[in-house]
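Enquirer: Below is a structure I'd like to ask you about.
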Amino acid sequence: MCAPLLSADDLADEMEDVDFDDEGAEEPDAEAWETEDDEGVEDGMEAQDDSEVTFSLHSASVFCVSLDPKTNTLAVTGGEDDKAFVWRVSDGELLFECSGHKDSVTCASFSHDSIFVATGDMSGLIKVWRVDAKEEVWSFEVGDLEWMEWHPQAHVLLAGTADGNSWMWKIPSGDCKTFQGPACPATCGRILPDGKRAVVGYEDGTMRIWDLKQGTSLHVLKGQDGHQDPLTCVASNQDGSLIMTGSVDCHAKLVNSATGKVVCVFKMENTAPKAPTGEGEEAESNSVESLGFCNVMPLAAVGYLDGTLAIYDLSTQSLRHKCQHESGIVQLLWEESSAVVYTCSLDGAVRLWDARSGKMISEYRGHSAEILDFAVNKDASIVVTTSGDHQAKVFCVQRPDR
């Protein structure tokens, strides 16, 4: 999981644009948290705190979080304070600090078996730690880091940098391979479930599917097949047969990973602007911020900066539901074994949506600033969030339907 696509400054600007009284006023609970009198809290964002645990060792915005895949008992968070911490989800107890970074830690995640944890900062310093020994076992410096991901089955780390390269290392030996993209940032990347290929998106709107063993590109999507603007996110379905790419151009493209052919393009028709833009005023920009596939139904979810969560039906290639948020969606995640999608947004809330009906199941609050990243555990009983309020929080998800 990687840093949000918005810089902290963009987020701050975005926050100023959010009008809390504007939409959702007909929802009774939206009103409840707005009117509660909490002194010194901006716009009443912190009128309620539904979290069970708060981790507050960071001294600036917390950009990223990941849970250890094996037990889901540990979290790693990285922040603008150039620090990363590994801590216990049950009580927020610090296990160890991943020290030595010299810039904002924007990427942090555990290996597939939870043996290692990797942390990466914006300047391109990547460190790997052995979790049980709490010690650093490897470090490497690349150019400005855009994203980083562990291999789903091996101690192999993949990362993309601002010079267009993607790097792959065996850990802890450090054996290295590079995949040369175009001369522009490799903005997002994902190793496909077969562990043999990776899909990487670039700032020039192109996308490449790489053969990790051969180091060659199997497919390049550019021009009409690519995007008109930088790619922001990429995802694959459970068997890796389909890839979805999202971009600043507001399009989400469905791609057959075997043939490299675009299956269909989901375009968000521009919704009418909230207020008429006066002369010289900029229209509100929109982009795809996050996307993902449902494991149990042929559905995909796309989250947009304008606050729209779109649920698309892959079998009919059509829009099934539009779920409106009060402010921009930062990230979305599907529950592993149901048609429930989680979103976190610039208004500081986590929401659960039933993708079949398009209705919101529940909402959790507690942050006094935008949520920048979140993770859901395997059995979907807890959500761990990170925020611009310098905190990470653990929420217990209570679902009446389970």
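Glycine residues also receive a Cβ, built from the backbone N, Cα and C atoms like all the rest.
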Enquirer: Quick test of your reading of TrEMBL: among 1-48, 193-240, where does it put region 'Disordered'?
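Expert: The listed stretch tagged region 'Disordered' in TrEMBL is 1-48.
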Enquirer: Do any residues, 6 or more residues outside the repeat 'WD' (193-220), come within under 8 Å Cβ-to-Cβ of it, and if so which ones?
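Expert: Those are 151-154, 158, 160, 164, 166, 168, 177-179, 181-182, 184-187, 226-234, 236, 238-240, 243, 245, 247, 249, 255, 257, 259-260, in sequence order.
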Enquirer: For the repeat 'WD' (55-97), what is the mean per-residue pLDDT, to the nearest integer?
Expert: 98
Enquirer: As a quick check of your reading of DSSP, tell me how many residues in the repeat 'WD' (364-402) are helical, how many are strand and how many are coil.
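Expert: Tallied per class, the repeat 'WD' (364-402) gives 0 helix, 18 strand, 21 coil.
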